[in-house]
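According to TrEMBL, the domain 'K+ potassium transporter integral membrane' annotation covers 1-357. Per TrEMBL, domain 'K+ potassium transporter C-terminal' is recorded for 370-615. If you look up TrEMBL, you'll see 32-52, 58-79, 105-125, 137-159, 180-207, 232-252, 264-283, 289-307, 319-338 marked as transmembrane segment.
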Amino acid sequence: MVIGDGILTPAISVFSAVSGLELSMSKEHHKYVEVPVACIILIGLFALQHYGTHRVGFLFAPVVLVWLLCISAIGLYNITHWNPHVYQALSPYYMYKFFRKTQRGGWMSLGGILLCITGSEAMFADLGHFSQLSIKIAFTFLVYPSLILAYMGQAAYLSQHHIIESDYRIGFYVSVPEKLRWPVLVIAILAAVVGSQAIITGTFSIIKQCSSLGCFPRVKIIHTSSKIHGQIYIPEINWLLMVLCLAVTVGFRDTRRMGNASGLAVITVMLVTTCLMSLVIVLCWQKSVFLAIGFVFFFGTIEALYFTASLTKFLEGAWVPIALAFIFLIIMCVWHYGTLKKYEFDVQNKVSINWLLSLGPSLGIVRVRGIGLVHTELVSGIPAIFSHFVTNLPAFHQVLVFLCIKSVPVPHVKPEERFLIGHIGPREYRLYRCIVRYGYRDVHKDDMEFEKDLVCSIAEFIQSESVAPGSVNEDLVKDDDKMTVVGTCSSHTEGVQMREDDADKIEAAGPSELKEIWSPPPVIKLRKRVRFIVPKSPEIDTGAREELQELMEAREAGIAYILGHSYVKAKQGSSLIKKLVINYGYEFLRRNSRLSTYALSVPHASTLEVGMIYHV
């Protein structure tokens, strides 16, 4: 419903603001101007999203401040000019009197009143930009008084003009003094754009969280701020929202039906939030269950009245948010179900360490020269794609690295904390696990720089294990793998370093200054080659020296990237619904979503994709 609200709120906000042209133009011209102007403004709004809130945010506060002061000043003018006694409407007695007199008609009118509180449910999106205290102060001392004065002013005007012999539908602009209508129209359009920004950002936040939980197809998430984590931009969702906003605007062309649709989306979000808030009271705040029940009963009863009133407008536009929510719900359920089944298959078919140890140092296959980087999403164990590969082609590289790339919720990861490296099995197997951690604002290096950092960090890990085992920072993960935090080449001031030199410059450094391990002379003399430079103070044992020698020889031979490409199919004997969901629904979403390794620059010339069918 929040995603649906992200479609409806910009449409109704901009369209209702532009509808003020109705009072300044003839009806013949107005109907040809209103929709095109609203569409142009919406296109501009979504086209500016990629700049990020922090780039255009400096305009938000002045625009909203001017808008609130404007409507409160107009409200004060209408109160003093038309009906100073309208302040009595603040008393709840008149609400009771209204319902007692109108009964069913009053209850049905609640669906239209919802537009007065539209936007309050999107305040959570502002938490990505401001603190709780600033939002409370702004709402209590500025937003709420301005809205009360504005609505009281409109009520004062309507109390004297409740019989208007015209075709005008826009109540707000009718109550604005005629000389101020054009300036107010401009400010209203700007305020509608700013107000739409919050719910668009909220939609991005919801989709990002769903994607992190495996409940939404992977999309490209761009963090537009290095200081505030909540400021993000999702290109695919942005353009999808724009197309749907334009479709709603062109399809309805009526603020009343748009209001019915937006009202149902808003009250559904608020009702669900109230129910979930009861869980927060009990589980997070550790309060009494009776307090949670009382909270839901008090607020839920009020919101249920609004919700049922909105449902009566189902055929008059309220069906739109339900249809949108249903479509997005199906997409999320299909993706989550397929992802869950794929993960279960990975866990069940994960190669055990015992199986690997039983193969011996050669793994029972031919070990060819070079380094093989096997991309996997598993942080422990060996993926099934590896056993599938060696079963069908019993040959692999002399050095094998299982590479897992993880994004962490911090702007930048320090270079000295970039890599988490460990052995898989005994040292002579030459198997390593490497977890690479990136912050959401880190720039991924190209393949040459990444390979250099990776090989250098593995060499540093080998040297650190040899010199002082157990003295490094270690984290235990599953399968009893010991992982060591190792930095990039630039962070190694005293440890192993890597340098690439021309063949004719190799002998520049003498053995008295550095202890060097280098490979045999290459065939082509001017070819670049790798040198690991180790300080003479640490004592490196023979096993570590041989391991470094083999790592360097493998690096000279080249690095191959092995990517798993899984196809998920339903097992034989599965139900028809499962076959439709897995074979068609999930497969379609998987083909049109981002790969898990899209952020890494992988050279196509040295990439090998291994296909495997998952029968789930």
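Every residue gets a Cβ built from N, Cα and C, even glycine.
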Under a criterion of three or more Cβ pairs within a distance under 8 Å and sequence separation of at least 6, are the transmembrane segment (180-207) and the transmembrane segment (289-307) in contact?
no
For the transmembrane segment (232-252), sequence-distant contacts whose Cβ falls under 8 Å of one of its Cβ atoms, 6 or more beyond its ends:
6-8, 10-11, 14-15, 35, 38-39, 42-43, 46, 49-50, 52, 200-201, 203-205, 207-208, 219-224, 258, 261, 317, 320, 324
Averaged pLDDT score, the domain 'K+ potassium transporter C-terminal' (370-615):
71
